[in-house]
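Feature list (source: TrEMBL):
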type	residues	note
COMPBIAS	290-302	compositional bias 'Polar residues'
DISULFID	70-134	disulfide bond
DISULFID	83-144	disulfide bond
DISULFID	114-124	disulfide bond
DISULFID	248-258	disulfide bond
DOMAIN	44-145	domain 'SRCR'
DOMAIN	169-282	domain 'SRCR'
DOMAIN	307-365	domain 'SRCR'
REGION	290-314	region 'Disordered'
SIGNAL	1-25	signal peptide
């Protein structure tokens, strides 16, 4: 059994902490205040979709040619170096398997190995420039901390017009300036471009386009809209068009996957004879805009649920399970992609899928075995229900000297963010527990918001706590 430290905090309640013991160390990246221009002769940028400005697929320009980095041997330390090349202070995570979409051109670096303290990616070890056995399905991405390096010159992070992509879409209500109900289900389609929000020309706009837009915004389907009213309204307003010629098939998970064209900066006539595209979406059962819509949807006959999500921490995510012959089973991840995942999401009342997970990342089809792997003196075998792989490092929590009473149980995994993950919000759990000297009851658990002020207030009010030690 590994040693556990105990410290006295106050005479009320008990707090038990379990920390991951197999985390790799991550050196603190330096944040040099001097003005930097990145690696000599190289340029860096973030690309792909969907993403925020401080995350994306890493692309490097070398000898005038843009390329990517393979995710083989990629670590958080390498992400630290690349984020600093991009002008951010450090990385908070990294992604693999082309999460932001596959790139094009050369794969400049493979088996990239950094300690995290390098001033340039050229100081890291690799197979050499352009020497790779990867495909673009293995492109690496980074998630940087949204904090810029002081004095960093943005000239190294370039945006070029021919690489414009639609990465964010919204519906803007055309009428009414008062308080509007949320979510917004009808309005003018606007896309975010480098110089701000712009409208989309409706010439050639189809129901397939509306279907894709609604899916991106989390709605399962679209409905007809009064275009005559909006065209009359458009004559009295000024508009800034940035996109035209949108032609979707209807199965795309993102608008940028559709055929479309951007207006050039020198285009003086935009959308002649047209108007801003307008879309009206139908909210799913969980996100009906009003109680009236909820009642209307609930009054419709509901068939037997044949698809469900299990093992997810939030609504709309989880392992896909299908009911057949009165038995629930899973789906193989071979050829599983955003398009297939979007079909499932819409069937469940959501919009298009944001990510298609593979490799049983939401847990494996398993039957209750009530066992964990036992690695000698560490690990649990009695009464343990294991949703994870057999090689998870289980730990005993020693309560030999704990007196019966009401306590707080807190479990924290990867507390210092030393291991890269796609989401750190579900790494902490806090529960109320009761111990009678023989058995323990755990209840009122919080995952994701375990350290929020609201959760802390609830646990402070928990009655009958007899001590407040932390193990």
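Cβ from N, Cα, C; glycine included.
Location within the structure of each feature annotated in TrEMBL.
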residue : record         : Cβ contacts under 8 Å, 6 or more apart
70      : disulfide bond : 107, 109, 110, 111, 112, 132, 134, 138, 139, 140
114     : disulfide bond : 75, 77, 78, 80, 81, 121, 123, 124, 125
144     : disulfide bond : 54, 55, 79, 83, 86, 88, 89, 90, 91, 92
248     : disulfide bond : 206, 208, 209, 211, 212, 255, 257, 258, 259
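Using DSSP to sort the residues of the domain 'SRCR' (169-282) gives these counts of helix, strand and coil: 21 helix, 38 strand, 55 coil. A sphere of 10 angstroms centred on the C-beta of residue 83 (disulfide bond) encloses 27 other C-beta atoms. Other C-beta atoms found within 10 angstroms of the C-beta of residue 258 (disulfide bond) number 18, with every protein chain shown included.
Here the domain 'SRCR' (169-282) has a mean pLDDT of 86 out of 100. Around residue 124 (disulfide bond), taking its Cβ as the centre, 17 other Cβ atoms fall within 10 Å, counting all chains. Other Cβ atoms within 10 Å of the Cβ of residue 134 (disulfide bond), summed over all protein chains shown, number 18.
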